[in-house]
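Listed features, source Swiss-Prot:
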| type | residues | note |
| --- | --- | --- |
| COMPBIAS | 1-12 | compositional bias 'Basic residues' |
| COMPBIAS | 13-38 | compositional bias 'Basic and acidic residues' |
| REGION | 1-55 | region 'Disordered' |
| ZN_FING | 87-109 | zinc finger |
| ZN_FING | 115-137 | zinc finger |
| ZN_FING | 143-165 | zinc finger |
| ZN_FING | 171-193 | zinc finger |
């Protein structure tokens, strides 16, 4: 036997569902019967795999002045809060916290310049120096003075320029007291002072 032809149940649109939820919230606020939503509690599985790989663990032990203490059950506990700077330059004695900084510094002594400009072949110790240098080829000047609008290819040049607006002259001659905005100007000035003969 066939079912009598009747109306099909209409599925609500997302907008209609949202309207129903909003009106239910309004009713809860008016009645004051609102309860916090229940969250299902899922038990967590204990972690079986180690948090750090052996290489990472070795790095952590190298980067920290590791100290151990016994907890209340006599088990040694690693305390990684006392940082040290384990990388010392064998040439000049400078100390570095990170191995990468130590490696970069070594290039000062070895003269190694592994980063080259693709356009002119000029070599640099650091990749950031190549980026700055390439602006001389492209003409890019991303650092603009907020006071006068003059643009510079290097942030340090902008900082130097801004002293012209502030009038700051932090470099003072020890012989005569004259002040300069730039250290290079002070050095040039000091060469003009007669040297004392012993």
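From the backbone N, Cα and C atoms, a Cβ is placed for every residue, glycine too.
Outside the zinc finger (143-165) by six or more residues, the chain places 132, 135-136, 181-182 with a CB less than 8 A from a CB of the stretch. According to DSSP, the zinc finger (143-165) comprises 11 helix, 4 strand, 8 coil.
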